[in-house]
Amino acid sequence: MLKLNAVSSGYGDVTILKEIDLDVGGEVFAVLGSNGAGKSTLMKAVAGLLRSQGGTISFEGRDVTRTAPNKLAEMGLAIVPQEGNIFPDLTVRENLSLGALVGTRPRKARMDEVFDLFPDLVPRIDQKAGSLSGGEAQMVAVGRALVQEPRLLLLDEPTTGLSPKYASSLFRKIREIHEQRRIGILLAEQNAVKALEIADRVLVLSLGAIFLNEPAKGIDFDRVRAGYHI
Amino acid sequence: MIDLLSGYAIFSLSTVLVFVALATLLHLQFGLAGIVNFGVVGFWGLGMYAFGILLLNFQLPYFVALILAVAIVALVAFVLGWVVLDLDSQAQLVATLAFAAVIADLVTTEKWLTKGVVGLGTVPHPFGGAQSALWLLLILLVLTVGVIVYARLLGRSPFGRLLAAIRDNEVLARNLGKDTSRAKLIFFTLTSAGMGLFGALSAPVRQFLTPDLLGPGVTFSVWIALIVGGKRWPLGGLLGVLLTIFVFDFLIETYLRVPSDWAQIIPILKLMLYGVTLVLVLLFRPFGLLGDRRQPTSHL
Ligand SMILES: Nc1ncnc2c1ncn2[C@@H]1O[C@H](COP(=O)(O)OP(=O)(O)OP(=O)(O)O)[C@@H](O)[C@H]1O
Ligand SMILES: [Mg+2]
């Protein structure tokens, strides 16, 4: 579904990601690593938000190395960035309906599915997203991406700032979304334990390079942990 | 009735309507899409002069000249927008302000085309006859209402929501599947051309065009009106213009009998009151008198 071939990327002249090779199928693919390891940079590179510094990216067989983010969204890729992932001045309803700028199914049906998934949002529907609690705002951000009905969903630390209870429930929902819709999910996450519970495959980034890339099942946790201490 | 709609009253009402339209167009640009346009008078004045020149110097038919003038404004807006729209708001402010200053300068200096400070000839009303000024007023009324209705409908449409999203979080908006730069450029071109249309139609209102019409005061009046009325609200421009320009340029100047030695003080007083009003609004109602109310969102 998504293939990266020797992708280098970063900011300006600074290179953060160094020749990353990756093959994401229709699975839950966790990207782990400590602060500054390059998880968000990888997500942004895939979503077309950074200028390529080398290598190629393909999505569903098409070369998208230099494809603009809006074109990628049209092709079926949605991202929930780590920061600035809502439209704070717009209401919950407006935030969600913005997901419907792509796709063909009726907007209302798609939004109703999000409200089924996150019933906590229903009473907040006409509230400005900027006035929501951290957890509610994350639901709006994920919900907006789901309304886009992507085939590949990029989630960058969606549980940041959530209480453990909320975080667990959001993780369960991510798995649920994957199983219901059969979409690929690329999940950047700090918390290795939580991510391993729902992931099919695990990638550990360390200093912008791949430290480990293995199936989640039966993975040696000490090796994952080692990727955090370099 | 006769007294109410004297020639001067018609002139003033026409002027007020033009300001309502400009303020509503600025609501669309700034309040909805977050584009900072401090060159309102540039688009308006370009439309006005282009129309006058095409009509008087080139002898084009009335409506051909009108359409061509609006097309010229659209083209200029497109080029300016292409350069500045993806820059930050300070850059937009400076660039649009400079653009308007350039237009005013060109109109003053290019005498072969504009006759400079002497003034371009007299621009006639679109229809002849005794009621010609009234007809023009009606046209302006219809078009101004049209702009307000458009603003209202747009806010509830997917394109309007996209513009609001761009204003609110442009980086994120780029991931929604629409080309945000293109959306801004199309919208800026369209709304600036609208300002040009009202400029062209101001030519027969003013009749005699001189460069001093193109001072930055027009832009500031429109901005003050919009901020007083409420930048996020399609009726904000209307309300703001009624409370500022209408009160001063129409009610006071048309109906209030002021001693003749006050005549010089009124414009200064007006500017002072504008300033005080603006400060009070920004202090107590930062989102305008209509408050933070935005158009109700789309009802699903
Ligand atoms: N906008 C930017 N400009 C320059 N450098 C940046 C920028 N964003 C991130 N970096 C650098 O890139 C490196 C990787 O950052 P990145 O955000 O990808 O880390 P991360 O793995 O997502 O960390 P975290 O878990 O804290 O979110 C860091 O060293 C950071 O300083
Ligand atoms: Mg990050």
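For all residues, glycine too, the Cβ spot is worked out from N, Cα and C.
Curation does not apply to TrEMBL; its annotations are automatic.
Within its own chain, the transmembrane segment (B:6-28) has Cβ neighbours under 8 Å at 37, 40, 44, 133-134, 136-137, 140-141, 143-144, 147-148, 151, 154, 187, 191-192, 194-195, 198, 201-202, 205, 218, 221-223, 225-226, 229, 231-234, 236-238, 240-242, 245-246, 249-250, 253-254, counting only residues six or more beyond its boundaries. Among the features that TrEMBL reports, transmembrane segment is placed at B:6-28 (among others).
The transmembrane segment feature in TrEMBL is assigned to B:35-56 (among others). Proximity of distant same-chain residues to the transmembrane segment (B:35-56), defined by a Cβ-Cβ separation under 8 Å and at least 6 residues beyond the stretch ends, is recorded for 18, 22, 26, 29, 62, 64-66, 68-70, 72-73, 76-77, 80, 85, 89, 92-93, 95-104, 107, 113-114, 120-121, 123, 184, 187-188, 192-193, 195-200, 202-203, 206, 209, 213-219, 222-223.
Summarising the annotation, TrEMBL assigns transmembrane segment to B:62-85 (among others). Within the same chain, residues 35, 39, 43, 46-47, 50-51, 54-55, 91-92, 95-96, 99, 126, 181, 184-185, 188-190, 192-193, 195-197, 199-201 sit at least 6 positions outside the transmembrane segment (B:62-85) and bring their C-beta atoms closer than 8 Å to a C-beta of that stretch.
Sequence-distant contacts of the transmembrane segment (B:133-153), counting only residues of its own chain at least 6 positions beyond either end whose CB sits under 8 Å from a CB of the stretch, comprise 5, 7, 10-11, 13-14, 17-18, 20-21, 24-25, 27-28, 32, 125-127, 194, 197-198, 201, 204-205, 234-235, 237-238, 295. The annotation transmembrane segment is assigned in TrEMBL to B:133-153 (among others).
Marked as transmembrane segment by TrEMBL: B:183-201 (among others). Tertiary proximity for the transmembrane segment (B:183-201) is limited to same-chain residues at least six positions away from its ends with a CB under 8 Å from its CB atoms, namely 18, 21-22, 25, 28-29, 33, 35, 37, 40, 43-51, 66, 69-74, 76-78, 80-82, 85-86, 136, 139-140, 143, 147, 159, 162-163, 166.
Within the same chain, residues 19, 22-23, 26-27, 30-31, 38-42, 44-45, 48, 97, 100-101, 103-104, 107, 206, 236-241, 243-245, 274, 277-278, 281-282, 287-291, 293 sit at least 6 positions outside the transmembrane segment (B:213-230) and bring their C-beta atoms closer than 8 Å to a C-beta of that stretch. The annotation transmembrane segment is assigned in TrEMBL to B:213-230 (among others).
Taken from TrEMBL, the feature transmembrane segment applies to B:237-256 (among others).
Summarising the annotation, TrEMBL assigns transmembrane segment to B:262-284 (among others). Sequence-distant contacts of the transmembrane segment (B:262-284) (same chain, at least 6 residues past either end, Cβ-Cβ under 8 Å): 220-221, 224, 227-228, 243-244, 248, 252-253.
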Sort out the residues at least 6 away from either end of the transmembrane segment (B:237-256), same chain, that have Cβ-Cβ distances under 8 Å to it, and list them.
6, 8-9, 12-13, 15-16, 19-27, 148, 221, 224-230, 266, 270, 273-274, 277, 288-290
